[in-house]
Amino acid sequence: SLSAGLDLPGRFLFAVLTLMTLIANLVFIEEAVYIYRRIPSFKRSVIIWINAAAPVIATTSCIGMWIPRSTMFTDFTAAVFFAIVIHKFLMMMIKECGGQKLLLKRFENGHFKISTGPCCCCCLCLPRVRITRRTLFWLKLGTFQFAFLRPVLMFLSIVLWTNGNYTLYNLSPKGAAIWISCFVGVLTIIALWPVGIMFQQVRTLLNCKKIIPKFALYQFILILNHLQAAIINILAMQRIIPCAPPLSSSARGAYMTQQLLIMEMFLITLISRVVYRRRYRELEPPERMAEESEANKQTP
């Protein structure tokens with residue numbers, strides 16, 4: 001811990017960021033109790049998982065800030081948790097449509113637009129894929145593989161690190177970090193693709209449930225936790241972020257990442273409480289929607 005070597009402004013900053021983390025966790029606990037009491041049981045757990053993403057990342061960042069040697073473990077823990085959240089967000093969109101059976105009934109003649117980000121946003125010539133039980137299975141498998149393989153890769157990284165073969169900031173071709181990072185990057189892109197495909201399909205139907213703000217919050221967490229951290233790490237490795245003894249450039253970069261994440265996740269936790277706490281009306285069953293559309297056609 002560096003708390004003993006901090007000056008007064010440094011201790012004040014650490015205290016404020018720790019207080020932000022504590023408030024974020026209290027807000028989440030209160031929100032989880034509300035969800036448990038008011039939300040139907042079949043979609044209760046996925047919504048709690050998604051709401052937990054920001055407080056968990058804030059907590060791991062706070063631990064890494066106070067105990068610098070734990071940074072690798074806290075970063076890995078946050079990454080693994082968010083890998084599970086990606087799968088849970090896909091499942092939430094399916095459950096908000098009433099579950100898999102009702103979703104298939106609502107879109108029985110529909111097609112998925114697969115030319116969407118992050119894989120194929122430029123490939124507009126790709127054909128649309130029919131919405132069937134099999135295509136839904138492939139979408140769920142696309143996110144589940146990341147939720148399953150990310151902890152496996154985390155375990156492998158820690159084993160290599162204890163053996164001295166894995167260094168977080170060593171990106172030379174001879175090191176294991178660059179290869180594991182590239183593999184994780186490919187798996188991440190594959191996992192994000194099904195979420196984008198499903199969101200494009202259901203965003204009009206779930207507009208009454210504010211799916212667009214929910215998707216935006218999920219995207220913000222993704223960008224801040226992965227892209228922002230990667231940019232700061234690259235700047236630190238290139239010595240653009242200067243060292244300040246006793247902290248090296250990489251250590252200062254890690255501190256900057258953790259402190260920014262605590263503030264950002266604190267704000268996202270508060271916004272998520274507003275977005276997810278509202279009472280949204282349930283969707284009309286497909287049969288009633290069909291009857292209403294038929295009645296509208298018969299009305300002169």
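FYI, residue positions are counted from 1 along the chain as it appears here.
Glycine is no exception: its Cβ is also placed from the backbone N, Cα and C atoms.
Taken from TrEMBL, the feature transmembrane segment covers 12-34, 46-67, 73-94, 137-161, 176-195, 215-236, 256-276.
Through the fold, the transmembrane segment (46-67) approaches residues 1, 3, 14, 17-18, 20-21, 24-25, 27-28, 31-32, 35-36, 39, 74-75, 77-78, 81-82, 84-85, 88-89, 91-92, 95, 214, 218, 221, 225, 254-255, 257-259, 261-262, 265-266, 268-269, 272-273, 276 of its own chain, all at least 6 residues removed from its boundaries and within a Cβ separation under 8 Å.
Spatially, the transmembrane segment (12-34) is not adjacent to the transmembrane segment (215-236); fewer than three Cβ-Cβ distances between them are under 8 Å for residues at least 6 apart in sequence.
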